Structure formats: structure tokens, C-alpha cells
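Asker: Below you'll find the structure I mean.
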Amino acid sequence: MATKTLSSTCFLTLTFLLLFLVTGHQALNSAPYPVVVSTWPFVEAVRAAWRAVDNGLSAVDAVVEGCSACEELRCDGTVGPGGSPDENGETTIDALVMDGVTMEVGAVAAMRYVKDGIKAARLVMQHTEHTLLVGEQASVFAISMGLPGPTNLSSSESMEKWIKWKENHCQPNFWKDVVPKGGCGPYHAKDFVGLYDETCSNTTPVGNIRSSSHIGLHNHDTISMAVIDTMGHIAVGTSTNGATFKIPGRVGDGPIAGSSSYADDEVGGCGATGDGDIMMRFLPCYQVVESMRLGMEPKLAAKDAISRIARKFPDFVGAVFAINKNGVHAGACHGWTFQYSVRNPDMDDVKVYTVLP
Ligand SMILES: *[C@@H]1O[C@H](CO)[C@@H](O)[C@H](O)[C@H]1NC(C)=O
């Protein structure tokens, strides 16, 4: 009797051990890491990040590799140099990188004459105790830390675009409630009665009313990327050259942690794209990660973050992707069809997912 009990106990233990080994092995096979997720079908950028992380580089370094690839390729003309001229025809760069392990962030905004946005952001994170450097001083910092420059960030395409816009009386633009002296400004607040001529204001095009209208459907505007490395650590990054024909000095959501991207090693990450002037008021990526922390699935967390903005700005155009620590990813969008790209160990190459509003 005792022997029988012992042997059945042994059998049970062995069965459990076998089961454990089998399921453990399966879990290993379908390990979600490493994984790369990016806004838009920026396939080459995802491949670059994948190569880096698959070769054992950290999530931070892989994000930098991926976003750098987009800057070099000038993904859609709206990342890196040579795109999105401001009202003066100048291209400037905004970028951010965030380490989800340490919650360190490095960012540059309105950086002139230096094309390597994401690398400059990493230098801020790794070699300063600051989070965000801006404008000309960010350029001086980046160059002093070894990045190439000063470089002319304009291209023949961006100059051509800008000249056409000038010829079209500087329309569309980002002004509201103003009266320009002449077609393109200088602009004056309407309240300053007497500073402008009524008859003139009726014939001259003035500020645009809705800013979202210029975040065009073909203007894919921003790369935001998340990488989970083989250690299970997460990092995110963003790079953009901002809104086309922006008022000089404008900084959007790109270099704002929690808005364009956000990551916490304990939870997961998020990347955003769209009308940054509106999105940065809602910190959608912070919202996504915090919702996932409270137990929401990525899909619901992404939808919730977008619908919070849409309730207040029904015309806004934007999207987010979310990824949790199990490698589960999802996207949500408003006002346009969104695509995001993924590469994980189950895939032979980058896969592009389409999300409808
Ligand atoms: C920068 O490059 C653009 C396009 O090639 C050119 O039109 C512009 O004159 C250049 N600016 C300077 C300051 O060299």
C-alpha cells in the first residue's frame, strides 16, 4: 500500500515535472523578445533596430539605430533633415529617447544645423543630468559632443515647398485670430484695433482656423519606436522635423516624454504620431502605459488614450501604438488610417499592421 502511494506520488511528480518542462520550453519558443514596434510602415528603420537588438545591443541603442535609419532615409520627408520647412524655410529637429529601466530621458527640440536628432537626444541622456536641450544651444552641445555639424538642414525639396507656400500667400498656416500686414505677415493680434486696415483684412488671406488640416494624410510626420531587448528591457524614441510651415520656435509632442513616446520596464511602452500641438496636451503615451499598469490590454489602453483627445478635439488627427511586457501590441487612431510595423522572433521580416479609425 505504502509502496503504491509512493510510486503514484512519484508518477504524479514526474508528470508535473514533464508538464513543467514542456510548457516551459514552449514559453521559451514563443518568447516575445526581442521586439521592435514603430509608427508607420518605416520598414527599413524597424529592420535596422531589429539587427541591432538581435545582435545583443541594448533597447536604448537599438531605438537609436532604428530612428537614425529613418533620419538618414528621411522617412516620408518628415523625419531628419531636408523636410518640413518652417515659416522662414528652415528645417529643425526634435527627438527624444527614453530608457524604461531607469526612466531617464534625453531630448532635443528645435535643434538647428545638426541632422542626428536621436543621437543628440542620447548624448543628452547619457552625458548630462538634464532632460531637454533646445534651439541653437542644443546644436552647440551636439556638435561639441562629436556629432557632425553645422549642416544645412534644407533640401531642394524643402526649399521648393516653402517657395510655393510663399507664393500661395503663406497658406495654410498655424495662425489664428490675427491680421497679416500683407499676405505673409508680420501678423498682429486682432485685438489691437487700429493696427490694421479693415478693408485690407477682407482681401488678404489670414490665419488658418483648424491646425489639424495641415497634418495631411500623406504626411506621416513622426517616427516613434519601442524596442524590448533580449533582457526584457524596454526603451522608446521619437524623431521628427516637426510641422510643415510651423511658426519658428514651435515645438510639438516629439521631444515630450509621455506624449510622443513613453516606456516603463514594469509595464510596456507606447509611441504616438499625429497633430502634436493637440496631442501634447493629453500625454497620450503616458496615459497608455498607466492604463496598462492598471490592467488594461494594449488595444483598450490605446483606444482609450485616443478617445480622450477625440472627445475634446473631434477633428484631431493622430494615432498611438501600445506594447506590453508580454509582447502584445495594438494600435488606435482618429481622423486617418494608421499603420505600424512590428518585428519579433515569430516573424521572418517586418510586418505592417493597419488600424482603421
Ligand atoms: C541650404 O540648402 C538649400 C537647398 O539646397 C539652399 O537653397 C540654401 O541656399 C542653403 N542655405 C545655405 C545657408 O547655404
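Just so you know, glycine gets a Cβ as well, placed from its N, Cα and C.
Annotated active site, nucleophile per TrEMBL: T222, in sequence order. Annotated substrate binding site per TrEMBL: R250, V251, G252, D253, T273, G274, D275, G276, in sequence order. Annotation comment: TrEMBL describes 1-27 as signal peptide.
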Asker: Whole-number Å distance between the CA of G252 (substrate binding site) and the CA of the residue listed as 'active site, nucleophile'?
Answerer: 11
Asker: So for D275 (substrate binding site), how many other CB atoms are inside 10 Å of its CB?
Answerer: 25
Asker: Taking the Cα atoms as reference points, how far is D253 (substrate binding site) from T222 (active site, nucleophile) in Å?
Answerer: 10
Asker: Which of the three DSSP states, helix, strand or coil, fits D275 (substrate binding site)?
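Answerer: Coil, per DSSP.
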Asker: Does V251 (substrate binding site) have same-chain partners at least 6 apart in sequence with Cβ under 8 Å from its own Cβ, and which are they?
Answerer: D94, A109, A110, V134, G242
Asker: Around the Cβ of T222 (active site, nucleophile), how many other Cβ atoms lie within 10 Å? Please give the count over every shown protein chain.
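Answerer: So the Cβ neighbour count for T222 (active site, nucleophile) comes to 34.
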Asker: Roughly how wide, in whole Å, is the group R250, V251, G252, D253, T273, G274, D275, G276 that binds substrate, by largest Cα to Cα distance?
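Answerer: In whole numbers, the farthest two Cα atoms are 16 Å apart.
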Asker: Among all the protein chains here, how many other CB atoms are within 10 A of the CB of G276 (substrate binding site)?
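Answerer: Looking across every protein chain shown, the total is 29.
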Asker: Report, as a single number, how many Cβ atoms besides its own are within 10 Å of the Cβ of G252 (substrate binding site).
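Answerer: Excluding its own Cβ, G252 (substrate binding site) sees 25 Cβ atoms within 10 Å.
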